[in-house]
Amino acid sequence: MGIKQLYQVISENAPDAIKAGDIKNHFGRKVAIDASMSIYSFLIAVRSEGQQLMSDTGETTSHLMGMFYRTLRMVDNGIKPLYVFDGAPPKLKSGELAKRFARKSEATEAHEEAKETGTAEDVEKFSRRTVRVTREHNAECKKLLKLMGIPYIDAPTEAEAQCAVLARAGKVYAAASEDMDTLCFETPILLRHLTFSEQRKEPIQEIHLNRALEGLGMDRKQFIDLCILLGCDYLEPIPKVGPNTALKLIRDHGSLEKVLEFMENDPKKKFVVPEDWPYEDARELFLNPDVRDANDPECDFKWEAPDVPGLVDFLVKDKGFNEDRVKNGAARLQKNLKSAQQSRLEGFFKPVARTDEEKASLKRKHDEKIQEQKKKKKEEAKAKKEAKSRPRGAG
């Protein structure tokens, strides 16, 4: 799930933190990818007539189809992917996972009912809600990656947190995930939409944490508190706290402790905090997650030549993939993994830090932009109000 509406908050209040560009812009870069999030998206997106792809024996193959061709696309564009798989979820996450499982169980029942009585749209809608990544999906994807020569590692708990460790250490350029909570784990750069299909024509979003913090005017701890207020995987949200309210509360009070104190003492009692709301534990999971050091031997990885006969056996003979396409993909892997060894020029130069004057200028421009947006909203609200108060038929 990640952090609710965090992208909206950053795009509106720290627009300089986000760059949108073509996948080709990342040529020669190593990227740590949240494997579980990718597999989940493949199971949802790689479909035929609303149903997941199946082999002749009735086994799901959407995850393998997605993993093979989306990874190929990255390698074709000079990217060197490293997949990171989730370990055991933190205890605090078990409540959220239980809720998700209950929702999926309800969706499964609704899906069966829709197949009997509903429209094609109903069937597809409920079918997507029943999706969950199983151990078998993970095991098969690991087998496929090994045959492709693409490295993977297992995280002790959250994959996004381990991706962030590797990015901070400079072992990879960025962490790639659709989950915005990857920023809470302090990845310097987050890439989104990297594992999307080419047909979707979605640009790759590149989000820089330091620019987001600068634009929001927060330190990392305040940013984490903001994310907890917005709604994260570890806690249920506080009712009536949307993105604008969450941002205002943290800016006004500076920390979750002070925000909760304000809510407690508010005579209007506008906000009701859930009885069991261990925000300190959630904050600790973001600040000090269970991860391996980047220099741990289990975090070593390298790209190798694909095992073509092994790929044919697994994908063609076992899973019913097209043999010519698999062999063609293996040839592209061999060729493009070599060309991705070329270094990017940026690796030879250290980035120049912004001067205080440049920072002040950027902040001024950002503040002006925010003021313009506020002014525009006020004018729109005023025009709406005037239109409502105008008698019907008045020109």
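Positions of Cβ are set from backbone N, Cα and C atoms, glycine also.
Mg(2+) 2 binding, as stated in Swiss-Prot, involves ASP179, ASP181; the candidate among ASP225, ASP233, ASP252, ASP266 given for that site is ASP233. Of the residues proposed, ASP34, ASP219, the one Swiss-Prot records at the same Mg(2+) 1 site as ASP86, GLU158, GLU160 is ASP34. In Swiss-Prot, the annotation region 'Interaction with PCNA' applies to 341-349, one of the ranges 296-304, 323-331, 341-349. Taking each Cβ in turn and tallying the other Cβ atoms within 10 Å, the top scorer among the binding-site residues ARG70, GLU158, ASP179, ASP181, GLY231 is GLU158.
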